[in-house]
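Trainee: Take a look at the following structure, please.
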Amino acid sequence: MSNFEQFHLDFYQSNYTIEDQEEGCNSYGSDKNLCDRRRSQREKQPAGGAFVPPDMVPSSQSYTGQILQPAYSPDTPSQLGYTDGFDEEPPLLEELGINFEHIWQKTLTVLNPTKPADGSIMNETDLTGPMVFCLALGATLLMAGKVHFGYLYGMSAIGCLAMHTLLNLMSTSGVSHGCVASVLGYCLLPMVILSSSAVVFSLQGIPGTVLALFIIGWCSLSASKIFTSALAMEGQQLLIAYPCALLYGLFALLTVF
């Protein structure tokens, strides 16, 4: 058998050969025209027409899905750990950086000057509490007939910049603007108590002056304690308390007069 016939045997994987077909046509006396027609059709058929790649063979599994609904596949996004929804998203307050537990701890630290401050918590740039206390101070002053919102914001901004510069000169680690604004804003809470008392009675007298001095010392002591703990400045609390007292003294003057 020639090499061409051996190629056909290996390619088509069949025991039926061209010689057998020709012998069948010659030996059994079949119609010669029929044999010639078969031979011409076999010569016209392309060699690659009998070979179909395995990946193009239609699968025997039938489609069980519904119309416009894809069938189940193990590689779908739901099987890969992806869930379409809002269940795994963090809360909105957490994305905004508002932590009520830390706000409460900072407030208790300010209200109790003898309580040791946690430097890791007070070093956060949380401005939610300071904004609330600043607005509360302005609201209580407004209730007493004093519209000083512009003075409050101006003195707060200038005081934060001055304290930031001073603390960076005194400390080795340095401090951010947000940390300074957060600490000074939280320590403004006792001043809200002073302005609330100004709504009830007048502070222009000896009792009002004594109360104002007590509130100034309370605010400056809390702020210096927190700065000392957050910046590891042991032994320098009095040096920090002095400029803080000057700043809170300005707020006290707005409250009393």
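Note: Cβ is positioned from N, Cα and C throughout, glycine not excepted.
Where the annotation comes from TrEMBL, it is an automatic prediction and has not been curated.
The feature region 'Disordered' is assigned by TrEMBL to 36-55. According to TrEMBL, the compositional bias 'Basic and acidic residues' annotation covers 36-45. Under the heading domain 'Yip1', TrEMBL lists 112-253. According to TrEMBL, the transmembrane segment annotation covers 151-171, 183-203, 209-227, 239-256.
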Trainee: So how many of the residues in the domain 'Yip1' (112-253) end up helix, strand or coil by DSSP?
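Mentor: Tallying H, G and I as helix, E and B as strand, the rest coil: 107 helix, 0 strand, 35 coil.
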Trainee: Determine the mean pLDDT over the domain 'Yip1' (112-253), rounding to the nearest whole number.
Mentor: 89
